[in-house]
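Scroll down for the structure; my scribbles are underneath it.
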Amino acid sequence: MKQAVIVDCIRTPMGRSKAGVFRNVRAETLSAELMKALMVRNPQLDPNDIEDVIWGCVQQTLEQGFNIARNASLLAGIPKTAGAVTVNRLCGSSMDALHQAARAIMTGQGDTFIIGGVEHMGHVPMNHGVDFHPGLANRVAKASGMMGLTAEMLGKMHGITREQQDAFAVRSHQRAHAATIEGRFAKEIWGIEGHDANGALIKVMTDEVIRPETTLESLAGLRPAFDPVNGTVTAGTSSALSDGASAMLVMEESKARALGLTIRARIRSMAVAGCDAAIMGYGPVPATKKALARAGLSVADLDLIELNEAFAAQSLPCVKDLGLQDVVDEKINLNGGAIALGHPLGCSGARISTTLINLMEEKDATLGLATMCIGLGQGIATVFERV
């Protein structure tokens, strides 16, 4: 079976969804700029060899509708001969795009793919046009479609306190801020034109949503956002609302080597799994276990882990049940996570994978895991191995 490898991986800065730097920039533009960047950064690649562009996006309507993958690839100048498809596995969409490309490569259905994802949550809100079938109430609780309440449920089941959540959120902002000022995020960010608060055109090079001023004291003053009476989950311990895109160049290993391209990581294994929709945030646990089993590995074999921070109340139970409580500061989300950077739904899977690969290079790590929960009860996971 052929081997799928990551040749390059980049992301946009994360813009604040409410009146942020990308308020006048469309989702197709964020996507196209990254597609163009991958071709610029890898001049050995003949764009005519691109088999398919596979792009994750959740709210596929308005500017994100009518197959945004194709719209963006045409904007980027990718040859018309390349295909393009938009995929939707909710929060796991761009990681699913990676899995689709990897499976195609492994089975000989192409050797060069651009994958990624986007979500402009400022232009197309997360709940825009959502209309659940009434019959779902016979199968799952109505609250299962309310992500904050599922986090409350999962946190309560695992005894996660408000104080633990606040501490986890502070850590996310502190580490993301440190990664910014120390230049570590600069390795993965591709600058995008946006507008400052006065409307002036600027080149955005850093994430807008990180709040370095966040403290335990400031978070303690926030009210519960989803269950006002008995809740513990606040806006401060939830992933920020942000706009962004991420992208990867995925190739068959021998093809990449023949072109003299640097191979940054191999895809060692992949998995998706389902769980109860009422605790959708638990999905990374079964997905991770399945991916590790397929790779013949254990949790202890992993050097670094990126666990998407949908909510602190969701992340901490996953850490607990994967047996990672004692290695959080050595292995997990070393540059912060979605609580600080935001979770543009269709973007995040490739975003956390990009951050992971850069951290693996920085730490000279061999094995890494990227995993995330998915609304309505799923998880997705990818094990990467540095060559």
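Each residue, glycine too, has its Cβ placed from N, Cα and C.
Residues or ranges marked as active site, acyl-thioester intermediate by Swiss-Prot on the basis of sequence analysis: Cys91. Annotated active site, proton acceptor per Swiss-Prot: His343, Cys373, in sequence order, evidence recorded as sequence analysis.
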Surrounding CB atoms that lie within 10 Å of the CB of Cys373 (active site, proton acceptor), all protein chains: 32
Statement: All chains considered, the count of other Cβ atoms within 10 Å of the Cβ of His343 (active site, proton acceptor) is 28
Statement: According to DSSP, Cys373 (active site, proton acceptor) sits in strand
Query: Does DSSP put His343 (active site, proton acceptor) in a helix, in a strand, or in coil?
result: coil
